[in-house]
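Here is the structure we will look at.
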Amino acid sequence: MKKIVINGNRPLKGEVTISGAKNSVVALIPAAILADSPVTLDGVPDIQDVHSLIEILEIMGAKITFENNTLIIDPTEVVSVPMPKGKINSLRASYYFMGSLLGRFGEGVVGLPGGCYLGPRPIDLHIKGFEALGAHVTNEHGAMYLRTDEAGLQGTRIFMDMVSIGATINVMLAAVKAKGKTIIENAAREPEIIDIATLLNNMGAKVRGAGTDVIRIEGVEELHGCRHSIIPDRIEAGTYLAMAAAMGEGIKVRNVIYEHLESFIAKLQEMGVKMTIEEDMIEVHPSHDLKMTTVKTYPYPGFATDLQQPLTPLLLKAQGTGEIIDTIYAQRNKHIPELVRMGADASVEGNMIILNGPNQLHGAEVVASDLRAGACLVTAGLMAEGTTTIYNVEYILRGYDHIIEKLTALGADIQMLETEEQEGPFEVDQ
């Protein structure tokens, strides 16, 4: 077990470069097994989720090379084997193997996914999509068994009962080699969907409409390898923009796509954060006398649920009373008791978070309950007077590439240490 120790209230200055998108790469890697020759992914973040997926691929027989953020996957000798439950339990995005195994083999066994606990995240939509394509899906002893009959997967029209990025991607992976045409209606529109579609099309798939709410797929018989560059991580970018606004004395955030962050940047500007926006760089200038605002999360292009927690510490620096309402994951509020421990005037009322500011945070021992809560606590630690110790940092390492090194380069006093036996709070009530 590791912990992060931050000596806070120190100004940050310099440049930080954003890594490839975690929410893309966790689907791009399973998608690679659909090809009949090697797939090269550039800009792959060096995060724990990537290493877990690599281990799963190697168990399946893939040959892997991962150096300097370039991942080469040779799926030529991949076989359909039951997914190792330990890796699946620690990785929610492993459910993308359901779609890619169905697409390649017409069958698969995948343990029920884990990852961050954010309340119920049912995979009913995924199963409904697979069944519409002609698959038979059963839950046996905590694993999903996926099968097809001799006719294989058949293209069809699928209406998503609710907007789901995971279900949209999974159905895309299964449908690209199905017979005939598949139409996904009420599809998710996230940039990561476009990234997945770009990879699939480079492999020889015929996917149209990604980025809109109707995706059309014409099935093909085979897919080949290709080279693909992953889009920048808009959630990591938003996290560093919030840190820069909170503690920066001039920070340039490089390798960003402004259009992917419009709703987030609009909130920063509403608060009074001063920025210069260029083609692939955003510079955050020292900003004072921030104004409180209300945040309500929605599917893309609305305000991303993954960014409400990283923004919370900055909101606590602003004057006034504000609210955060997460319409995607109503239980995404486990960071609030930890911020209160640091002196925040914040509370949870139903599905709403109430914030009163400004607050001067103070160092404390806190625990990360999930990936984005961990990022929130890192930002809070940077803002706080005194020393903050964050436990359960394995969550943070799942999704932030070299966060210690990046923050150290900006002038933060931050380090990651091994925890002593019996040290620190390691669990959060869920």
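The backbone N, Cα and C atoms fix where each Cβ goes, glycine too.
Marked as phosphoenolpyruvate binding site by Swiss-Prot: Lys22, Asn23. According to Swiss-Prot, the feature UDP-N-acetyl-alpha-D-glucosamine binding site maps to Arg92, Arg121, Pro122, Ile123, Asp124, Leu125, Asp306, Ile328. According to Swiss-Prot, the active site, proton donor annotation covers Cys116. Marked as 2-(S-cysteinyl)pyruvic acid O-phosphothioketal by Swiss-Prot on the basis of sequence analysis: Cys116.
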>> Can you tell me whether DSSP puts Asp306 (UDP-N-acetyl-alpha-D-glucosamine binding site) in helix, strand or coil?
In response: helix
>> Same chain only, sequence gap of 6 or more: which residues have a CB within under 8 Å of the CB of Ile328 (UDP-N-acetyl-alpha-D-glucosamine binding site)?
In response: Thr297, Tyr298, Pro299, Thr305
> Counting only other Cβ atoms and using a 10 Å cut-off, which of the binding-site residues Asp124, Asp306 scores lowest?
Replying inline: Asp124
> Which has the fewest other CB atoms in a 10 Å radius around its CB: Ile123, Leu125, the listed binding-site residues?
Replying inline: Leu125
